[in-house]
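Below is one structure; the comments refer to it alone.
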């Protein structure tokens, strides 16, 4: 039989401070992490020595048989290996209990307790090859548990609960230790509490608390279940990969942006104006249903559009209005000025959106470029990706598909790096790309000229006020051109045959972005440069708001038609007629640019239609469900999987700079340069919308109210351009420094990874050197021979270890 190995976990006796007990805060420092326990156990093993004795041999520096193909290591080398932190991680429950017993003894500072000198820790996974006498029986584990319970009973209630809570054991083991460590008085109190010895007031209070707690949990679970992406995102990511998932994540981000934009508009504009509705200027038309497409008719006389909002102070204690429709407020009061509220709410909403957008972009940039490295991630994905908390069959299937798709993406990216293109192939690719870009730019120029020409034709026709179906002509033409050009770009991408699918998506995004931004630039010129001059004496702000509403509705209809005919019909033709059995792929570039195009329309029209973000929210919700259903039924996963680690950052960047910045410039020009209509809206008596703030400041100065600091604040923060340039410079500086910090972190991460690889090589080198030194010492000693026998039979189960098949010969 093998000689047993005893590893003594001695508890050092304390010479002083017997009467001092550490507080729970000091004890939390001692038990802050499980890593500290592992480190101290490793040091104790290194000091006392871990003797690994083969079967039937005495003590010494003999060389032990190893696995097949691995060098045999001596006992001295094994002692060094056993002291390494990586060899002490996999401890079992018995070792944890005995270690925490030592902790409680040291915490209580009592030297009268018996020491655990003969307690042996459980087996470590990396040392199961050798025959060690380890305590794996239930009897010894119960003995250690009873000793631990005795020590826990001597602690205070707070220290005992804190220590049990931090033990790396299961909930059942913790509950058992907590119940056994209660004192008799605590057990009686607990039993009395469970038997129901409460007064009526206490019962009523506990019942109310439990009811409120249950109601809160029910509301939280209901809100969680009401989210449209609760389960869909995991399913999409598992079946179609991160590239298709990035589209739905971007749609979710746009939902959040529009919700944040809508809240202040509802609170300070729409709700206030709905509470104090103005007198109708004429007969109000009835609802006919056509307003859902054209945006005119009954919608014109609601809070939907700019012209419905009044230019008076909304206050119930307002005197008779003077000339110009202005109320004379009482002296010393600050009534609700609707023009000022309209201007400052729009400005604050856009400023808040800018801050959130820039923060989201910088955060996404840091996450994608800091953690998005794929070097060495294959092993982590294989061995560390599975979530063992998943118990349902449906969830486990989704997780399995997600891991499989992630591995495909990683391997596809790795294979792409291993296949460089030849010089002739690169030259051919450059020529094809040049011709493709020339054709794309030419088609973009043609679409822009067509939109400009058709808009001029619409100006020459008599205005219909947005009442008839002919008002949908310009949105229909623009949507048809956008859809046709996007299919042309997709065909060119097929002919170009890009090696990298990521490059193909980026090229398609750039081409579609140039087209849509050029068309929107022509439309902005059409609305503010041409329509304002032709609609003198009319409410041109309502017309622009209705135009943008029609553009959003028609664009949504074309997206539905594209999902129907572009995906469903093509799938039916491919399966029924062509017998290919292949479904179309989800066009990420075109769908993402459609989202950015719709969000740009929302930002352009929010000044003229404050409820346009609500329309965008409904549009995105419907679009999420329709695209998800079409994706699951009509599309297939990309034939060439690719890892979309930076797509979210690219989407947010495109949403910030071309889209939001262009909309901000458009609205700033409308506020500072364009004269408002004289017949509608809150700025009807002013030369520009910006004058609303100046007029309000002048009234404050003449009234001599207590808020004298507001004119000073308006003068230095709004009228002075230095603050605007300073804020812009600070914003750009923050973006620049954030990018530089992320770059520096990437460099540091690369250096740390290289250092980890070097340390691994150093460990291998040192182990080999130590092994060679001990081998030479073993050869130099007389009577020692080198082991040449076969390795022992090793079982994965730590409890049943057998003797070697061929024992060492004397």
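Placed from the backbone N, Cα and C atoms, the Cβ positions cover glycine too.
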The residue range that TrEMBL labels transmembrane segment, out of 601-624, 625-648, 649-672, 673-696, is 649-672
Beyond a gap of at least 6 residues from its ends, the CB atoms lying under 8 Å from the transmembrane segment (721-739) belong to 354, 358, 362, 365-366
Per the Cβ under 8 Å criterion, with at least 6 residues separating them from its ends, the transmembrane segment (472-493) contacts 293-294, 436, 439-440, 443-444, 447, 450-451, 454-455, 458, 504, 507-508, 511-512, 515-516, 519, 523, 547, 550-551, 553-555, 557-558, 562, 587, 590, 593, 597
- the transmembrane segment (204-226) and the transmembrane segment (247-276): do they have three or more Cβ pairs under 8 Å, with pairs 6 or more apart in sequence? no
Taking DSSP helix as H, G and I and strand as E and B, the domain 'TMC' (539-645) has 79 helix, 2 strand, 26 coil
